[in-house]
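Over in Swiss-Prot, the protein carries these features:
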- 1-11: compositional bias 'Basic and acidic residues' (COMPBIAS)
- 26-38: compositional bias 'Basic and acidic residues' (COMPBIAS)
- Lys213: ubiquitin cross-link (CROSSLNK)
- Lys215: ubiquitin cross-link (CROSSLNK)
- 1-48: region 'Disordered' (REGION)
- 170-194: zinc finger (ZN_FING)
- 199-221: zinc finger (ZN_FING)
- 227-251: zinc finger (ZN_FING)
- 258-281: zinc finger (ZN_FING)
Amino acid sequence: MNEQKMNEQMKKTAKTSGQKGPGGRALDRLTLKQDEARPVQNTRVEAPRVTYTIRDESEISPETEEDGFPDGYLECIIRGEFSEPILEEDFLFKSFESLEEVEQNLSRQVLEASSLLESSLEYMTKGTKQEKTEVTQETPPLRVGASSLLAGGPAEKPEGGVYCGVLSMLECPQAGCKKKLRGKTALRKHMLVHGPRRHVCAECGKAFTESSKLKRHFLVHTGEKPYQCTFEGCGKRFSLDFNLRTHIRIHTGERRFVCPFDGCEKSFIQSNNQKIHILTHAKAGKKC
């Protein structure tokens, strides 16, 4: 009876094999245990053959060299801490490129500045040359006239014909003054006489047109003569240094002022004496 019940139960489980409940699961466990209890057949399982190639350290392919990152670096990339691998070689290469660009820019700026300087110097030299040529073309050659000699100062005898017509006298335009003067400079100086006399002496009331003349006149009242001749046996004193210099020429024999006319060898210590001598040539009508 027990065996019949067992068979019926087995049939029921076979019919309901599509729907596994708790009983089905238990049956599965039972069958697994029965399978484990069975003897294992002698089956030969071959292990997979793994071949390893050992290369020298010098023989590294470019693929392994490019992908040869450290493990920690790869972990950082996987985590997302680094977006792109940054190599030291790339950084150095970029820095060298930037330095080369800077050097090129500097050299370009230096070349531009030097070319600009050369062009400006060339322009300046051209301008000065043109100005010199214009001045030499327009300006006639100057000669030393009698007016410069009459103004005083040492001079050599000029060539003949220089003083022809130069000694023409200029008449004072002031009414009642018939004085004639040599040149415009002498005339301007003479016109100060006719001007207002603003500089008045406090001692005698004499007025002067220039302050320098008032100072010179005031030495007459004071009697001051600070300039003394140092030559032995002379000892003369003068109120002005100009008079002392003129006096010293008497001792030295220096005659700086030479007659400018040809054939006349006269020379003078003072410029006033030279001017008076030149007038004698003009009055005599001596031709140049």
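Each residue, glycine too, has its Cβ placed from N, Cα and C.
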Residues from the same chain, set at least six apart from the ends of the zinc finger (199-221), whose C-beta lies under 8 A from its own: 192-193, 239-240
Averaged pLDDT score, the zinc finger (258-281): 88
For the zinc finger (227-251), sequence-distant contacts whose Cβ falls under 8 Å of one of its Cβ atoms, 6 or more beyond its ends: 216, 219-220, 269-270
Residues near Lys213 (ubiquitin cross-link) in space but at least six apart in sequence (CB under 8 A): His199
Number of other Cβ atoms within 10 Å of the Cβ of Lys215 (ubiquitin cross-link) across all protein chains: 14
